[in-house]
Amino acid sequence: MPKRTDIKSVMVIGSGPIVIGQAAEFDYSGTQACRVLREEGVRVILVNSNPATIMTDPEMADATYIDPISTPILEKIIAKERPDALLPTLGGQTALNAAVALGEAGVLKKYNVELIGASLEAIDRGEDRESFKKVVKEAGAESARSDIAHTLEEVDAIAERFGFPLVVRPSFTMGGLGSGIAHDTEELHRIAGAGIHYSPTDEVLIEEGIEGWKEYELELMRDRNDNVVVVCPIENVDPVGVHTGDSITVAPVFTLTDREYQKLRDIGIAIIRGVGVDTGGCNIQFAIHPDTGRIIVIEMNPRVSRSSALASKATGFPIAKIATKLALGYTLDEIQNDITRSTPASFEPTIDYVVTKVPRFAFEKFPGADPTLTTSMKSVGEAMALAGNFQESLGKAMRSIDKRHMGFSWDGEKPSEGEVHELLEQMRIPTEHRYLQVMRAIWGGATPEQIFNATKIDPWFIDQFFQINATAMQVRGAETLSKRLLRKAKLAGLSDVQIAHLRRLGDEGENTIRELRWNYGLHPVFKTVDTCAAEFAAQTPYYYSCYADETELRKREREAVIILGSGPNRIGQGIEFDYTCVHAVQELGKDYDTIMVNCNPETVSTDYDMSDRLYFEPLTFEDVLEIYEAEKKQGPIKGVIVQLGGQTPLSLAARLKAAGVPILGTTPEAIDLAENRELFGEVLRQEHLNAPRFGTALSLEEAREAAHNIGYPVLVRPSYVLGGRGMEIVYDDAQLETYVNRALSEAKADTVVSGRLPSPLLIDKFLQDAIEIDVDALFDGEELYIGGIMEHIEEAGVHSGDAACTLPPSTLSDDQIRRLREATLAIAKGCQVRGLMNVQYAFMANTLYVIEANPRASRTVPFASKATGVALAKAAARIMAGETIEQQRENGLLLPYGDGGDVRLGQQVAVKESVLPFKRFRTPVGKTVDILLGPEMRSTGEVMGFDRDFPHAFAKSQLASYEGGLPTNGNVFISVNDTDKRQLPLFAVRLVELGFEIWATEGTASVLRRYGIESKIVDKIHSRVDTDPEHPIEIQHAAGSVGKNVVELIEEGQIDLILNTPNSRGSRSDGYSIRAAAIAADIPQYTTMTEFSAVLLAIEAVKKNDYEVMSIQEHSRELYELERKHKEEGEEARAQ
């Protein structure tokens, strides 16, 4: 069937901010969709609140709205743009739920907008638990015994019938949010209560526990002629009980018989037909009992999912692209396979290699969080590897995770019998360390049966782990490392670093092993991903390495640039860095062959048709050097870009240069100059720039001396970190001692000598009550171009990645902006930057302080680019390749005059707000972890509010980050520290004028009473040990109080807004319980007075309900017009 001709314009809804369970994979799928629609001549209207996405680039759609994905805003855009159809299946659960809400509100009918990709009925049958159970039954398959509940009373009744353990699964949520496994009534109430809250339909499915069963997934696609293909089967190494996003997964499947696999196919095809997905794809999850073979259907997603992105990258079959074509009316047999260009999409992909995905976690960012892996997803990113066998693929994937333990470790002494027993007990509870525990137990003598009984991991995988250990022991014990043994080690997935450790070769061991390997002529070869197990020739150069005989690399003629990506998403290094890499690829591809190296299956950069060559490889020194050596033989290489992918590639710069690899842009020496505190301090002194007083320390004594010289409070952090890892504000000697002792315990044991750390701690004076500013800039060696000046809405002390900020700045004077510009130019020259740089400043009492400079792309580059209409990363890539800023003005990449530091009258305002994952992380007794923000970054994503002035833009940013946005009336709870009480009366008067009733603790209420402001008194909470069930919360009744504390009032739904500024040690104060309860109830809460002043302005804007919706294409034209007028006015003034 040919494409439908009645669809002229389509609205695509994105997935919004990066959150756990819904990450960069939807930027990948959304970008694919937009490209397909435009290629087909369809006008594209895109809505997404996340500026750090390629899909929100102006060239991806005809009209791009970086606005909240809420029904009122979406209706405004639909009314303005009048699309023929809405495509919601490529924006995750957010887009699907938004489409359902638009349908229920009558908006789709009112404006005659057709839903394509999936009907409302199909969405309901796939997402609603009860409806889906019926579909499964009609398909002749089995679900786990279960029942639906909407209240805790109904939950208890089901528990009485089924007994424990029970699985709770909410309807219409993603990433298993609100789900969990309950082993008793208390756990059941906690999990089910959260599930009912997070489900938009207040519905949970309670099902019998099937922990320990084997788990599989199928990715399927179906067209309107009822053709169905199974794109990829995926096997979870972890058994049922661990969310598939937190499990190691592999393709193809290894532990199914052909008969079992065919049974899963038959069930999957019957279900996709029964649900009614007839123009797109879906993901179905199954469980199989390891002994009886009983098959249970767990759930399905009637949309492109996280697993779809993994399956696409694993097979080379672009699911999102094909789903979009199916939504336009094509059938599978009419769509060409891009990789072979000779087979249709109705040919099911076949793979002759092994794909392994390993999750990346960030528990270290959330002290007190329960590290147990359950049915609610907790990983923040993932890495994928391809190789010739499972062992090699697993080894590559584990070192791609980029953590301190790069895969399995056999360091130290062989575990004793007692330690093995302890390890077997520990691995019964799944955590991120389970596989390291398994390998250590095997090394210590555990049997396969013991490992299986403790983990329920399939015996086939356990046997693979035993084989890896056996190879490691051969390497460890051999007198000499023969070529044959070294090759065997490589086929077992062991890196040069691991082999060096096994051989006890010390610091230079990796280089020693590499030299030996190269002397033996042992190099990996590079194979092509072709979708068909080499049955047809692949036209797309999409490569992976393995230790085999024949390489499939082809010669090239053009000079090449290698761009190193950022690896798996993690807090502090996320999608923003992939955005800059993709821009570099797009721009440099005009003049060079672009070679992308990355290992993240979620990203746009690992789309096989984004770069000229794609290497799906770990970002380690060994793997990158092998790619460089292989590519050098295929054609000329201009150099490698390490500046755009964050700290991971940046940390390789010096070693790559030492190995003879040319580095483009800022040199490794200049990178070290900016990162080294003493050297950078000298640059600042020469340029007469202020910095907070600082010192460095390798021991507790040195740290104490530095802190006393500087004066408390101080900011303490390790050197060379991203995302404020390990950063803390310290107020006294006791807190400092705790910090240093923790740093010593976390350092590798063999690097700590006599209580001294291997690398110094940095200790800075903490600037209280200062305004913090981020500046992104380009420098070509002569000229500076300011990309954007972003003023933080919170005062200094909150990590820049977590802080809300505004562009243009809202309170800085022209003189302050001039001083920022001059300081940035001086630092760029002093650090010899070439390309992008980011400098963080603070104004305290109008004195400018330099906090730090980063000679690389920062996480604010996408936001600054969208707010100013300038593709900063594209211009930076050309500057790194040797061009000038003047050339970028001439070719249209940069503004022809002026830059992002100029503030124009009438300019639209952009506000960036962070999105935090706290509702995912709970303590072992079920409380959410503390949300109090500080110098260590904890956000996973961001949103952008964009409107005519700051109040409206900030209000949009809150609407995009809080479900429902800011309240316009109701009850506001206030509890502020003594320092903030002087500002409080003005805030309180405004709240009363806006129609709020104030509820406050006794101390705050008495301050308000002195100013004639009435408030309801709420009991205070005293929590001795928040996470200890032996010490429950005690309540102290205040005179004249309502008789309840604020936590009870929040749980009863009586509080609509919270202002809670903690004291200097906030995280252990009463505030913790308040903040934890507010997260669970999804109530907007603010912990600084400066941000709350912005909230008051925003509430006024919300009450007016006169938001503007402006596409970024319109905004860009407006900015250029403002710049032109400004230039003309300047020329006229000079002429006079």
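First residue shown is number 1, and so on along the chain.
A Cβ is built for glycine as well, from the same backbone N, Cα and C atoms used for every other residue.
The Cβ neighbour count for Glu215 (ATP 1 binding site), using a 10 Å radius and every protein chain shown, is 24. Feature annotation from Swiss-Prot assigns ATP 1 binding site to Arg129, Arg169, Gly175, Gly176, Glu208, Ile210, Glu215, Gly241, Val242, His243, Gln285, Glu299; the stated evidence is sequence analysis.
If you look up Swiss-Prot, you'll see Gln285, Glu299 marked as Mn(2+) 1 binding site, on the strength of sequence analysis. The Cβ of Glu299 (Mn(2+) 1 binding site) has Phe132, Arg169, Ile284, Gln285 as same-chain neighbours under 8 Å, each 6 or more residues away in sequence.
The Mg(2+) 1 binding site feature in Swiss-Prot is assigned to Gln285, Glu299.
If you look up Swiss-Prot, you'll see Glu299, Asn301 marked as Mg(2+) 2 binding site, on the strength of sequence analysis.
Swiss-Prot lists Glu299, Asn301 with the feature Mn(2+) 2 binding site.
The Cβ neighbour count for Arg717 (ATP 2 binding site), using a 10 Å radius over every protein chain in view, is 20. Swiss-Prot lists Arg717, Lys765, Leu767, Glu772, Gly797, Val798, His799, Ser800, Gln840, Glu852 with the feature ATP 2 binding site.
Swiss-Prot lists Gln840, Glu852 with the feature Mn(2+) 3 binding site, giving sequence analysis as the kind of evidence. DSSP classifies Glu852 (Mn(2+) 3 binding site) as strand under the three-state reduction. Cβ-based neighbour count (10 Å, all protein chains) for Glu852 (Mn(2+) 3 binding site) stands at 17.
The Mg(2+) 3 binding site feature in Swiss-Prot is assigned to Gln840, Glu852; the stated evidence is sequence analysis.
Long-range Cβ neighbours of Asn854 (Mn(2+) 4 binding site) (same chain, at least 6 residues apart, Cβ-Cβ under 8 Å): Ala674, Met837, Asn838, Val839. The Mn(2+) 4 binding site annotation in Swiss-Prot covers Glu852, Asn854.
Sequence annotations record features per position, and here Swiss-Prot assigns Mg(2+) 4 binding site to Glu852, Asn854 based on sequence analysis.
Swiss-Prot lists 681-881 with the feature domain 'ATP-grasp 2'.
Within the model, the domain 'MGS-like' (964-1122) carries an average pLDDT of 80. Residues annotated as domain 'MGS-like' in Swiss-Prot, with sequence analysis given as evidence: 964-1122.
Annotation source Swiss-Prot lists region 'Carbamoyl phosphate synthetic domain' at 552-962.
According to Swiss-Prot, the feature region 'Allosteric domain' maps to 963-1136.
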Message: Nearest by CA distance to Arg129 (ATP 1 binding site): which of the binding-site residues is it, out of Asn301, Leu767, Gln840?
response: Asn301
- prompt: By a simple count of other Cβ atoms within 10 Å, which of Val242, Leu767, the binding-site residues in the record, is least packed?
  reply: Leu767
Field: Cβ atoms near Glu208 (ATP 1 binding site) (within 10 Å, other residues, all chains)
entry: 16
- line: In the three-state DSSP scheme, Arg129 (ATP 1 binding site) belongs to helix
- prompt: If you measure from the Cα of Glu852 (Mn(2+) 3 binding site), which of the binding-site residues Glu208, Glu215, Val242, Asn301 is the nearest?
  reply: Val242
Message: Let me check the 10 A CB neighbour count of Gln840 (ATP 2 binding site). How many other CB atoms are there?
response: 20
- prompt: Name the residues of the same chain, 6+ apart in sequence, whose Cβ is under 8 Å from the Cβ of Asn301 (Mg(2+) 2 binding site)?
  reply: Gly126, Cys282, Asn283, Ser307
Task: Have a look around Arg129 (ATP 1 binding site) and count the other CB atoms within 10 A of its CB, chains all included.
output: 23
Query: Under DSSP, is Arg717 (ATP 2 binding site) helix, strand or coil?
result: strand
Field: Euclidean distance between Cα atoms of Val242 (ATP 1 binding site) and Leu767 (ATP 2 binding site), Å
entry: 43
Query: 10 Å Cβ neighbour count around Gln285 (ATP 1 binding site)?
result: 19
